[in-house]
Every structure is written in C-alpha cells, then in structure tokens.
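Chemist: My questions all concern the structure below.
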C-alpha cells in the first residue's frame with residue numbers, strides 16, 4: 001500500500017526528537033561508565049599494596065592538608081614552618097600552590113558534615129582518581145565542541161586509560177597534577193565554548209577556571225601563552241570576530257586580577273616574562289577591534305585615513321610598551337624568566353647554569369620508547385586526527401592543533417610534560433577514531449540500503465499491478481489534498497530548487513563494504529591492544545609506591561619497606577628538636593613521616609643551602625663534620641642500594657651533589673671525582689672519591705655482607721676501599737636491606753689542659769726573633 005508523503009513528513013519530527021533524546025541518555029550513561037573506569041583503573045596501588053601516599057612531593061602536600069584541616073584556613077596562610085630548611089624556615093602560605101590542599105580539605109570538610117568519617121589521608125589518597133574522572137568528562141566537553149559527541153566520547157575513554165595520565169593520578173599520587181590536568185582541560189573547554197557562542201557568561205567561567213588552575217599548578221603559564229598564540233593566529237589568518245574578542249579580553253583582565261590574588265604568584269602575574277605575550281596580544285586585539293569598528297561606520301575613503309592614523313598610533317603604543325618591558329626584563333639576570341621556563345625554551349640551559357633543575361629525573365628529555373609507553377597507539381592516530389581537524393578548519397579545531405603542536409615540543413624537552421601531551425593526543429586520537437568509525441559505518445549502511453532498495457525494486461516489479469488499486473474510502477481524502485494549479489507551480493519551484501543542491505554538495509566518502517568491515521576490525525583490535533597496555537601500565541608500571549618497593553625472583557615476591565622502617569626509627573629514637581641532614585630528595589618524607597627538622601627538602605628554593613649539603617657530602621669526613629656541626633645537624637641519612645640492587649640511591653646521585661656544590665663553592669671540582677672522565681667506585685676510583693663522606697657512609701661495613709668481597713649490585717663491581725673506620729661519625733641504624741643508613745655526628749672531643757700548656761710552651765719557644773717575618777696563612 002502506498003503511503004502519502006505528507007504522512008511521512010508529519011511522522012518524522014517525533015522520531016528524530018526521540019532518537020536525539022535517546023542519544024543524549026545513552027551518552028550520559030556512557031560518560032558515567034567512563035568515570036567509573038577512570039576511577040577504578042587507578043586503584044591497583046591500593047589493591048596490590050595499601051592505602052598509602054606515594055613518591056616524595058605528595059608527603060609535603062599531605063602534611064600541609066593535615067595542618068589545614070586541624071588549624072583552619074587563616075593559620076594555613078600565615079604558617080611559618082620551622083621544621084624545614086633549618087635554620088631559615090619556610091613561609092608555607094606564600095610559597096605553595098594551594099589548589100590541591102584547599103580542594104582536599106574542602107572535600108574532607110564536606111564529608112565530615114555529612115557524617116562520613118573518612119580520615120584526611122584517605123581523602124588525599126583518592127583525590128587523584130576522582131579528579132581523573134572529572135578530567136575525562138572535561139575532555140568529552142572539549143572534544144564535543146570541536147567535532148561532535150562521538151569524538152568526545154572516544155576522547156574521554158582514551159583519556160581515562162592513557163598511561164601518561166595514570167602515572168600521575170593513581171590512588172596515593174597526591175600531587176598538584178592530580179587536579180591541575182582537570183583544570184587545564186576545563187579551561188580550554190570554556191575558552192572554546194566562549195569562542196563558539198560568544199557568551200560573556202562562559203567567558204567569566206573561563207576566568208574562574210583559569211584562577212583555579214593558577215591555584216593548582218605552576219603549569220598555568222602554558223595556558224596564558226597558548227591562548228594568546230591562538231588569538232594571534234586567528235587574527236593573522238583573518239578569522240577575527242567579536243566572539244574571539246569576548247573569549248580573550250575578559251580572560252586577560254579578570255584572569256590576571258584573580259591570579260595576582262594567589263600569594264605564590266602575586267605580582268609575578270604582571271612582572272615576569274611568561275605573562276608578557278598575553279598583554280601584547282591584548283593590545284593587538286584591541287587595535288584590530290577598533291579597526292573593525294571604524295570600518296563599519298566610515299566610508300572606504302575615510303577608513304583608509306583612519307586606519308593609517310590607528311596603525312601609526314598603535315605602533316607608537318606598542319613600541320612604548322615593548323620599551324618598558326625590555327627595560328623591566330633587562331634589569332633581571334634571567335631576563336624575567338624563571339629557571340624552569342628558560343630550560344623549556346633552551347633545553348641546554350639547566351645543564352649549563354642550574355644543575356639542580358637538571359638533576360631531577362623528570363626534567364630530563366624523554367626517549368622514543370617512553371612515548372610508546374605513555375601514549376601507546378595514540379602516537380600513530382594523532383596524524384589522522386590532525387588531518388580530520390582540517391576538514392573543515394574552524395577556530396576550535398585550529399586551537400586543538402596548536403595545543404598538540406606546543407605540547408609535543410614541551411614533552412620533547414621534559415619527560416614530566418608528557419602529562420600535558422596526553423590530553424591533546426587523546427583528543428586527536430578520539431577525532432581520528434570517530435571519523436574512521438563514521439566512514440566505515442556509513443559505508444556499511446549505504447551497502448545495506450542499496451541492497452534493500454534493489455530487493456524492494458525486484459519485489460515491486462513482481463507485485464506492481466496491486467499497487468495501483470486505490471480503496472474507495474480513501475479516494476475522497478486524496479481529492480481533498482489535490483493541489484490547485486498555483487500550488488502546483490509553487491511546489492514545482494520548491495522541488496526544483498533543492499534539486500540543484502546535490503550537484504553542489506560534496507558526496508560523502510563511501511568505502512567498499514569489505515574494506516569497511518576490515519577497517520572496523522582493525523579499529524577494534526587497536527582499541528583492545530590499547531586497553532591491555534593501559535591496564536598493564538596501571539597495574540604493574542605505575543601502581544608501586546616509591547615508599548614501599550617490591551621485586552620478583554625465583555623464590556617469590558620480596559617487599560622492601562626500609563624507608564618507613566628508617567623514618568619510624570627516627571621518630572621513636574631521636575629528640576623532637578634533632579636536625580637530620582640528607583639529600584634534598586628525602587626532605588619531605590623525613591618531615592612528614594619522622595616529624596624531624598631537615599636542612600633541605602624538595603622545594604629547592606635555596607640553591608646555596610642545597611649546595612652546602614652537597615659540599616658536605618663531597619668533602620672528607622672531618623670537613624663534612626665541621627659543615628654539618630655548623631648547621632646544628634645531629635643525624636645524617638643516606639640511601640644505599642648496593643646490596644639489593646636499588647638504582648636510585650645516593651651513590652648514583654652523587655655527581656649531582658658535586659656539581660651543585662661546585663657551582664657555589666669552587667674548591668669542589670667534578671674532575672677530582674672522575675678517573676679519565678669516568679665515574680668509578682672500584683679500585684680505579686680517585687682518592688677524592690674514596691675519601692668523600694658519601695662513599696664512606698654508603699660503604700661502611702659493606703664487606704661484612706658478602707664475606708669480604710664488597711660487590712655492589714647496582715654498579716656491578718667490587719668497591720675500591722673496603723676496610724676503613726669512621727672518626728667523626730658513628731653508625732646508629734641500618735635498615736633490614738641496607739637501603740637506608742643513619743649516622744650520628746660524634747661530639748667534639750674536650751681539650752686536655754696539660755696538652756694545651758705544652759702546646760703553648762712550644763709556640764712561645766718557636767716565636768721568631770726580631771727582624772724575621774711570619775708567613776701569612778692563606779686561609780685567614
């Protein structure tokens with residue numbers, strides 16, 4: 001039976017709206033599942049080990065959060081910590097990014113008000129997995145603004161499992177990046193949303209999100225430089241619009257004012273070179289906006305005159321601003337840039353001038369295998385996503401391309417910034433997979449529709465005589481709906497006009513059905529490989545806390561809990577006011593777990609203080625004792641992995657102590673510790689190396705562990721100096737696996753009065769006669 005065309009048109013809107021509503025509900029439930037996946041995949045560290053804080057920096061954040069929840073926000077801002085950087089101390093409220101601490105403290109406060117009795121440590125452990133779900137949802141929103149819902153869902157599920165992000169957001173990784181990546185993605189989403197809508201409401205939300213990013217992480221400078229670059233790109237390519245102005249101008253004004261409220265940033269928001277690009281582009285966009293406004297109200301002839309005037313005035317203003325900036329920048333030895341920013345712009349800068357930055361392992365450039373480890377198959381999908389963003393190119397897609405390009409560069413400079421690359425790679429890969437899936441499914445649908453049409457055509461040829469029969473009761477309805485001649489002409493014109501469109505519009509890409517099915521199979525296979533790799537990375541590579549170590553051997557699993565054993569000994573066997581010296585890596589853990597005062601810690605704000613500790617470790621025993629005694633140090637802690645094969649011990653870090661110490665105290669020279677340019681601890685080691693305090697504290701009594709050989713499993717050689725005694729230090733504690741060794745400074749010996757008199761008589765008899773001159777002591 002033939003169905004009238006009007007009936008089909010009347011029935012289509014309800015079906016399309018129902019389909020749209022069903023799609024939204026389905027997308028909502030998929031996002032919920034993605035959030036659950038992002039949270040649960042990061043719980044391997046708790047399941048396999050225990051609910052414990054990881055790494056080094058998170059222990060400081062945990063300690064600060066404890067102080068905040070116990071003493072309140074006002075005491076937190078005014079907290080002077082006398083247990084760090086002795087004897088200098090540290091003002092916590094003015095030197096810390098408070099976003100993570102305030103977030104976790106607020107969550108704990110809300111849970112307490114709801115009578116959910118979770119400890120502060122539990123909240124800190126699970127903050128990162130919770131915000132990883134938020135980051136996945138923010139990625140969905142951002143990608144949806146660029147390429148639609150399908151691409152957004154794909155990008156969200158990729159980010160939920162990307163190993164690079166998992167490495168910084170497993171349960172227990174209570175670091176700034178735990179909340180900062182969500183703030184980064186959400187700020188970019190609000191910028192794109194404002195760019196697409198021109199809404200001042202979203203622009204205000206964008207400034208608030210940027211403020212939260214400033215509170216959370218020093219990487220906020222990436223945002224305040226990337227967005228101006230995109231704005232300048234749009235202006236240069238002729239894509240300026242009022243929406244671009246609304247998206248950018250409130251961010252610079254309101255965002256900078258809010259950023260200046262953060263104590264650790266303060267006036268750096270307007271005084272450092274990292275922020276100058278945003279102000280220059282702010283001037284440029286106002287000049288362009290003024291030119292567009294004048295062009296709209298003046299004739300073309302008058303516009304040329306006005307444009308010449310505006311350009312000349314603009315150039316004068318720009319030159320004046322640049323001159324002021326150059327004067328401000330020239331007064332700084334680093335030209336207004338921080339050390340980390342300069343090391344990003346010049347990868348060799350840190351190794352030349354700031355060895356303390358270069359000594360951090362996460363500040364080293366990555367290797368090619370690390371890309372495959374951290375983003376896996378996404379590295380191969382990113383180029384396809386870039387191509388998809390160019391078809392067609394919009395303001396949003398150009399921003400995502402620029403974001404990817406800049407993050408690829410920065411990730412190549414510092415392995416730590418692979419974390420910034422991960423969202424961009426997920427967005428591009430999500431767009432590529434979504435476009436590929438659309439092409440394949442469209443091709444299969446087209447094949448099915450053509451097949452069904454051919455079957456219906458064959459069936460119509462067989463039963464065509466019956467289709468011409470019209471029931472008498474419907475005849476009157478058809479006569480009523482029969483149009484007049486005028487309506488026929490109008491309908492004919494309306495039908496003829498759309499018929500031209502298929503000739504102009506581009507035919508969508510349709511692949512052969514066999515190729516489409518094979519491509520879908522490859523996409524599923526690629527996704528399965530990505531899932532397996534991500535789960536393995538989350539379970540094995542990134543779930544182990546550095547505070548508790550494990551190893552597998554032929555006789556089973558071995559657990560090394562030496563760090564907590566050492567910190568517990570310090571907590572129970574030393575006085576509360578005792579000072580502990582160690583390399584700066586272990587400062588946060590010593591303060592948080594042992595509750596003892598440290599000389600240096602992971603904040604690394606005072607290079608001279610760290611160089612003093614490095615000099616003491618590099619000096620002979622007597623000189624090191626004098627340095628530590630002048631700092632009121634009572635205990636010295638060293639980490640040694642030669643017995644169990646732990647590679648991140650102090651012997652492997654020792655050359656960095658020499659370099660940092662030599663940068664401040666010139667008598668410490670790195671070649672004195674090298675034999676023919678090689679770092680050795682065996683019989684070929686230099687006397688300076690064998691007599692250094694670090695060597696003696698690490699290898700004292702080491703020959704007793706293997707019958708006199710003294711074989712170092714990390715360096716894979718026998719040590720050079722096996723039998724020696726300590727004269728100014730005494731061993732007080734060594735952990736079960738010899739990973740942490742604690743020494744106490746021996747008290748200064750009392751002078752014997754009789755010996756003093758003899759010395760005086762000798763010196764008086766040795767006084768030179770008149771006319772002789774004394775040689776001047778060069779050290780006084």
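Including glycine, each Cβ sits where the backbone N, Cα and C put it.
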Chemist: According to TrEMBL, which listed range is transmembrane segment: 148-166, 338-356, 452-470?
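Modeler: Per TrEMBL, the stretch marked transmembrane segment is 148-166.
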Chemist: Using TrEMBL as the reference, determine which range in 118-142, 543-567, 568-592 is annotated transmembrane segment.
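Modeler: It is 118-142 that TrEMBL describes as transmembrane segment.
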Chemist: State the residue range annotated as transmembrane segment by TrEMBL; the candidates are 71-89, 90-108, 375-393, 489-507.
Modeler: 375-393
Chemist: Which one, 118-142, 178-204, 210-233, 306-330, has the most C-beta pairs under 8 Å toward the transmembrane segment (400-433)?
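Modeler: Going through each listed stretch, the top one turns out to be 210-233.
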Chemist: Looking only at the domain 'STT3/PglB/AglB core' (577-636), how are its residues distributed among DSSP helix, strand and coil?
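Modeler: Per DSSP, the residues of the domain 'STT3/PglB/AglB core' (577-636) fall into 33 helix, 8 strand, 19 coil.
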Chemist: Okay, the transmembrane segment (276-294) and the transmembrane segment (210-233): do they have at least three CB pairs under 8 Å, pairs separated by 6 or more?
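Modeler: The transmembrane segment (276-294) and the transmembrane segment (210-233): touching, yes.
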Chemist: I need to check the long-range neighbours of the transmembrane segment (375-393): which residues 6 or more away from its ends have a CB within less than 8 Å of a CB in the stretch?
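Modeler: Residues 146-147, 158, 162-164, 400-401, 404, 418, 421-422, 425-433, 435-436, 526, 529-530, 533-534.
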Chemist: Take the transmembrane segment (118-142) and find every residue of the same chain, 6 or more past its ends, with a Cβ under 8 Å from one of its Cβ atoms.
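Modeler: Here the qualifying positions are 31, 34-36, 38-39, 42-43, 46, 51-53, 58, 61-62, 65-66, 69, 100, 103-104, 107-108, 111, 152-153, 155-157, 159-160, 165-166, 168-175, 178-179, 181-182, 185-186, 188-189, 192-193, 423, 426-427, 430.
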